[in-house]
C-alpha cells in the first residue's frame, strides 16, 4: 500500500502533476486544478476528499474524458490508465474506455436517469454497448443487474421511469448502469450527497460489496472524511486544485501531515463532543481564480510562516507513511508528541 | 367559480385521475367558456344590432322579426337557453346576408382552412425540427449565428410583405405556384396551398426552431446526457433519446398553439392568396355585420383551437411522461 516503495507492477491508474483549466486555447485560461496526483492499484479503493471547489469533480471528469463538455481541458500532466495514456486522448480512445474500463456514477446522479425513458431502455443501452446481445438476452441481463444492486421487484423497476423511483432506487439503478460493462475501475463522485442518512449507509455498503464481488478498483469522492475512512484503503486530500496529502487511510487519520487534513479531521461532526463548539476551519476555502500566492492554505493555517507565503504551492513529498505537500510536515510530527 | 376544474373534479370523480380524461374534461370546460363568449359577443355590442342593421327607417315589426332571427328576443337567460339547445342540435343560426344556415357556410369554407392548416403544420415540422436541432448542435459556429440573425429578421417581417415577395418570386418569376386562387381535391390543392403555407412558416418556423434550439441546449447540460455519453450511447439513439425527445415538450405545446393561430393568420393569408377559406368569410361577415355568422365562426374555429391544443397535449404525454404528472 505504501506509495513510496518501488513497485514491481504498474499501478492501474496514475495521475501525475495534472493541470486542468477552463477556457479553450488563447490567453484567457482559468486554472481549476494545477497539481493533482493520484495513484491506485488493481482492486484498490482510494478516496478523494476536499471542500467544494477544490477540483474533485473536475479531476473525475478528466478521468472519464468529459472535460470538453464542461468547457475545460488538460493543460499538462499525465493520466496513465492500464498502460494507456489518457491525457489528450482522442474521442475514439475514450469510447473504448468509458463504461467499459471505467464506470462512473455522476455527482448529482439523481438527475442521471433520462426522465422520458424506462430504466430498462437505459440499462439495455449499457449492456448492448459491449458484445452482441439479443433483445431478450439484454433484458434478462438488465434484470440481473438490478438484482446485483439489490433491487427487489426488478421487473417492476425495469418498466419504471425516474420520477417513479425513490432517490435510493435511482442511485442503485445508476450503479447498475455503471457496472453493466464490467469496468476495472468505478468512480463514484459524491454518490450519497443527495440521499437520506439511512440510505447513504446502504449505498456505501452496496458499493463496497460490489467492489469485492466484481474485483473493481474504486475512486470515491466525498467531502466527508468519515465516509472515506469507512470504505477506502487510501485517501488523497485536495485543496484549491492541488493534492496536499495522500496515503493510507490509517496513517492520515492517526497522524495527518498536512494542517488541512488535520483541520478536516477536527471539524468532523461525528467526533464532536456534546456541549462543545465544533471546531471549524477558520476563513473561507480558496476559490477558483483567487488562489493565494505561496502555499494555498496559508491564510487559514496556524503553522504558516514567511516561507509558506513566499514560496509556490509545495509539491507532494514523502514523510513517514504518506505524502504531504506541507513544508512543515516534520514539525507537525513533533507537535503531536 | 373554480379556477381549476380538473383539480376539483379529480377529488370528486376518481375517473378524472387519469391524465387524459382530466385533460379532456378541461377541454370541454374551455369549450363551454367559448360558447358563453360567442353568446355574449352579440349581446355586448353597444346598441341594438337589429336597429343598427335595419337603420332608422325600420318598422317595429321588422325590428322584432330581426331580433327573433338574431336570437336576441326575450330575457337573457331564455336567450341563452335557446342558444345552447340550438347549438346542441347543430343549429348555429342563419346568415343574415345570404339566409343560408351558418353551419353549411362554415362546412363549405372550413375544408380550405383545414387544408391550409394541415399543409402549414406539416411544413412547419419538416422545417423547424431539423433547423432547431442544427441550430442547437452548431450554435457556436457561423451557422448558429446566421440562424439567430435570420430568425429575428423573418419573425419581424409581416406576412403580407413576405407573402407578396414570395408571390413575386415563385409565381411571377418562376412559375411554380399560382398567383392566387384555389381548387379543391387532394393532392391537386397542394399546388395552391404550398406558397401560402410557406408564407405563414416564415413566421412559425423561426419561432419554433428557436424554442426547440433553446430546449435542446438546456437538455444537453443535463446530467443524464453525460451519463449516456459515459455509457457509450451513440448515433441516432443518442440524438433522439437524449437530446431531442426530452426537449420536445415546449415545442409541441407551442406547435399546438400556433396550429390554432394559423386560423387567424389565414385572415390575412387568404386575402393575399385569394383562398376561399374561413378567414375570408369571417372578414366579410364582420364587414356585413352578419352577427350569427361571426358568432358561428368564432365558436367553431375556437373549437378547432381547443381540439388542436388537446392533441398537442396528448402527443406530449406520450413523448414525455413528465408532462402527465404536472
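Residue numbers in this text run from 1 along the chain shown.
Using N, Cα and C of the backbone, Cβ positions are placed for all residues, glycine too.
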Feature transmembrane segment in TrEMBL, mapped to one of the ranges B:2-23, B:24-45:
B:24-45
Match it up for me: which of B:86-111, B:112-137 does TrEMBL list as transmembrane segment?
B:112-137
Pairs of Cβ atoms less than 8 Å apart decide it: which stretch in B:24-45, B:191-212, B:247-273, B:293-319 has the most with the transmembrane segment (B:112-137)?
B:191-212
Using a Cβ cut-off of under 8 Å, list the residues of the same chain at least 6 residues beyond the transmembrane segment (B:24-45) that approach it.
5-6, 9, 16, 70, 72, 76, 79-80, 83-84, 87, 291, 294-296, 298-299, 302-303, 306-307, 309-310
So if I exclude everything within five residues of the ends of the transmembrane segment (B:293-319), which remaining residues of that chain have a CB under 8 angstroms from its CBs? That is, six or more out.
19-20, 23-24, 27, 30-31, 34-35, 37-39, 41-42, 87, 92-93, 95-97, 102-103, 105-106, 110, 113-114, 117, 245, 248-249, 252-253, 255-257, 259-260, 263, 278, 281-282, 285-286
